[in-house]
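Undergrad: Okay, these came from Swiss-Prot:
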type	residues	note
ACT_SITE	D127	active site
BINDING	M74, C75, H76, M112, E113	substrate binding site
Amino acid sequence: MLLTHLNEENQPKMVDIGDKETTERIALASGRISMNKEAYDAIVNHCVKKGPVLQTAIIAGIMGAKKTSELIPMCHSIMLNGVDIDILEEKETCSFKLYARVKTQAKTGVEMEALMSVSIGLLTIYDMVKAIDKSMTISGVMLEHKSGGKSGDYNAKK
């Protein structure tokens with residue numbers, strides 16, 4: 001497989017997307033944070049001293065998507081049309097599953113923005129309740145779906 005982020009001298013470069021067609025691009029990513037019952041209950045009962053955890057995680061996830069190109073060296077800076085975040089409460093496992101859907105009209109995809117959104121949202125939850133549970137785990141951060149562009153659609157295997 002040809003690595004497009006390397007030049008003829010095997011040095012890093014940013015891929016030129018200037019000749020690519022502008023199309024609608026959508027990416028959906030997800031991830032989970034698991035914690036002890038005390039931390040989970042504090043979040044769902046709105047008893048965390050730092051404020052509303054899930055709402056803050058949503059805002060952080062949106063910010064994460066917008067800042068992706070500043071943190072990932074070969075990622076293009078693109079205008080986002082929208083970032084939608086959903087957080088599901090999973091009481092049985094004392095966990096939260098965060099989904100981020102990112103949409104644009106661009107010459108490159110938004111997979112990295114969706115993955116960054118999930119990661120930053122989950123890290124924000126960790127930050128806000130680490131005083132209650134330092135053993136929280138973030139897992140399963142993955143691309144669920146992407147559409148648009150030359151490579152077409154992708155759906156993760158269930």
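Heads up, the Cβ atoms here are built off N, Cα and C, so glycines get one too.
Could you place the listed features in the three-dimensional structure?
TA: Annotation for D127 (active site): spatial neighbours K50, criterion Cβ-Cβ under 8 Å with sequence separation of six or more.
Reduced to three states, the DSSP call for M74 (substrate binding site) is coil.
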Undergrad: Just counting, how many other CB atoms are there within 10 A of the CB of M112 (substrate binding site)?
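TA: There are 22 such Cβ atoms around M112 (substrate binding site).
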Undergrad: Could you say which of the binding-site residues M74, C75 has its Cβ with the most other Cβ atoms inside 10 Å?
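TA: The most densely surrounded of these binding-site residues is C75.
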Undergrad: Would you give the longest CA-CA distance, in whole angstrom, between residues of M74, C75, H76, M112, E113, the set recorded as binding substrate?
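TA: Largest pairwise Cα separation, rounded: 13 Å.
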Undergrad: Taking the Cβ of E113 (substrate binding site) as centre, how many other Cβ atoms lie within 10 Å?
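TA: Taking all protein chains shown, E113 (substrate binding site) has 27 Cβ neighbours within 10 Å.
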Undergrad: Around the recorded substrate site, report the further residues of that chain (criterion: Cβ within 8 Å of the mean position of the Cβ atoms of M74, C75, H76, M112, E113; site residues excluded), sequence-ordered.
TA: T68, S69, I72, S77, I78, T108
